[in-house]
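Participant: Quick one: structure below, then a few questions.
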Amino acid sequence: MVDLFLGRSLVCNNRDRVEYDTEREVILRLQNRILLLFFGSADCQRCQEFVPTLKDFFKRLTDEFYVERSAQLVLLFISLDQSEEQLENLLKELPKKCLFLTHDDPYRRELESMFEVEDVPRVVVLRPDCSVLSPNAVSEISSLGTDCFHNWQESAELIDRNFMLNEEFDDKKMRSVTDPIRRLKYKVKTKKRKRQWGWGGGGAGEDEGEEEEDEQEEEERGEKEG
């Protein structure tokens, strides 16, 4: 799935219209998730009737009001409208967390052809490896609700996020996790050295201790030779 959208700009349907267009951003948003490609149009009456059902379905699986942890699910709206105004009209009814392709992105039509979309609404369900789980899940979502996601989850063989690194990791956060462990490790080793040399609480460092021992040995040799 990630390869399908590398080099593309995915826009979040929030107030700021945040764009995810770098390879790292796209991977973080799509990796190890089930992707719903929603093909629709504001001119289509059936689309307008289906959108509230799709919105409720998505929110019940991803909104913290309904679930403790958001499901590994992404909704991507592929507008087949002829104008940007029509695109915006349907976006107003879709969840704020969903993603979409801009009206001037020609990749919309490529996806339409790729998945052989002949009528709308259409929801193509993809596994993380881009293989198709369902060519059109509109009726399934309408009749089963969130139960159908659990069926997809088993079939998609998603990796449990408990066994993965934090999705929003970066170098700074990784350092904040490992540095205390590293410092504790070195601190323990230092204490062991002090016990080995028989030093007390505010003694000299390891190098200083070695120098003192060498001086004592030289003095003892000198007394014996004298």
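Backbone N, Cα and C define each Cβ position, glycine as well.
As annotated in TrEMBL:
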| type | residues | note |
| --- | --- | --- |
| DOMAIN | 32-132 | domain 'Thioredoxin-like fold' |
| REGION | 188-226 | region 'Disordered' |
| COMPBIAS | 205-220 | compositional bias 'Acidic residues' |
Participant: From the DSSP assignment alone, can you count helix, strand and coil residues within the domain 'Thioredoxin-like fold' (32-132)?
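Facilitator: Within the domain 'Thioredoxin-like fold' (32-132) the tally stands at 34 helix, 22 strand, 45 coil.
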Participant: Let me know the model's mean pLDDT on the domain 'Thioredoxin-like fold' (32-132).
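Facilitator: Summing pLDDT over the domain 'Thioredoxin-like fold' (32-132) and dividing by its length gives 96.
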